[in-house]
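Report on the structure given below.
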């Protein structure tokens, strides 16, 4: 097998193209909250109550949860690419129904179909990229999906900022027309992508796998190192069933890290980040920004800053201590939410005066603090503390909901995890995402300070639990981490365990 002389390798082109799914996901996140506020939207469907608005916005996550649960099994059976294409087609149909709807029920059907499609497709994008990219550049290419989602949020905000000036219902339909065009491109182009060579080999189709490796521009040595040898080794490993895996993650040796990971992934979402992402225009307008156009612009600026901050934070994730980063993030998030809640409770926030600017700046600080700390450390930590008993399925790469909560999965792909544990973590994360997206407009309508006090209280509780229960894992091997959690005595730290393993005795 010879390496292609093309300037851009096939794996780079394929990885970049499938990342369009991440852009589409972020596009919806950045646009739907603003769209449901537009006068032209309410003119078409009527004014939505806070409960109905929350349901409309969050429906895509609710409908994506079940497909995401079974997408891994389907992809193992039918192929990564086929399930991804099926999801892309459903997303396309959903986008078309959304932009063509004249009745709310049809709009909701479109969002439901898009959610189902994302559940199938987005769950498999990350692992597809992992399985077609060489190990030397795998993390960089996997990150394309996450950064694509971040770019999509920015595009979603600014598409609404631009379209609000259009008269008639085209002002709210235009963002969905753009999403539909992107979905059509994504679905159509996916038919021409190569299937995962790893999946083909595991299903006994070695000759086809070798042909796909040539299309992806793998050299002979690279294919042997990254695909052929690891897959043959993985195929020889004993796999555990669903019930056995479920029993495993709740045994005495593993239940502590299972529950800690579930708590971390659930409560960092319950701190309110999805409320900020989906309802930023409402939050800024409530804080005193005078016009809808200005609130949309402020939302777009916040998305750009979040994208800018997330890049160095992701790249430096392994240079910062997990525990230190988590505690710093907890202080920032709880302080900003409680400060905003206190200002609203004191009735100090008006369309004039300094208090509104304190609220606006605090929202920015909250969002930037989240993407710089909890968004990065949350799933790195939740992933690396899991028991190393079986090879992770595609679900180990998936997280429904917000783009920032997916980024931290990148450094841990090469590690072997319990897939049952990851499915449990994914479901807890998605449930928290849906709950925040659904409940935020209801809270803001009933009591602005109540919403911020709730988010601040959750962040403070999370901070305290992390400070007490979280052990530093930066720089430790998975084996050292597992030894640490397996020890019944909490007096032995992971650092001392690593030192013990290197020097051969305990001191």
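The backbone N, Cα and C atoms fix where each Cβ goes, glycine too.
Annotated in TrEMBL:
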TRANSMEM  12-35  transmembrane segment
DOMAIN    14-474  domain 'Major facilitator superfamily (MFS) profile'
TRANSMEM  55-74  transmembrane segment
TRANSMEM  81-106  transmembrane segment
TRANSMEM  112-130  transmembrane segment
TRANSMEM  142-164  transmembrane segment
TRANSMEM  176-193  transmembrane segment
TRANSMEM  259-281  transmembrane segment
TRANSMEM  293-317  transmembrane segment
TRANSMEM  324-345  transmembrane segment
TRANSMEM  357-382  transmembrane segment
TRANSMEM  450-469  transmembrane segment
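Listed stretches 12-35, 142-164, 293-317 were compared with the transmembrane segment (112-130); the greatest number of C-beta pairs under 8 angstroms is found for 12-35. Most Cβ pairs under 8 Å to the transmembrane segment (259-281), among the stretches 55-74, 176-193, 293-317, 324-345, belong to 293-317.
The list of residues near the transmembrane segment (81-106) in space but at least 6 beyond its ends in sequence, with Cβ under 8 angstroms from a Cβ of it, reads 18, 21, 24, 44-46, 56, 67, 71, 74-75, 112-125, 128, 173, 176-177, 179-180, 183-184, 186-187, 190-191, 193-196. Count of Cβ pairs under 8 Å against the transmembrane segment (450-469): among 142-164, 176-193, 293-317, 324-345, the largest is for 324-345. The transmembrane segment (12-35) is not in contact with the transmembrane segment (324-345), judged by fewer than 3 CB-CB distances under 8 Å for residue pairs 6 or more apart in sequence.
Non-local neighbours of the transmembrane segment (142-164) in the same chain are 15-16, 18-32, 34-35, 38, 122, 125-126, 129-130, 133, 170-172, 174-175, 178, 277, 280-281, 292-293, 296-297, 299-300, 303-304, 306-307, 310-311, 314, 397, 403-404, 406-407, 409-410, 413; each lies 6+ residues outside the stretch with a CB under 8 Å from one of its CB atoms.
Mean pLDDT for the domain 'Major facilitator superfamily (MFS) profile' (14-474) in this predicted model: 78.
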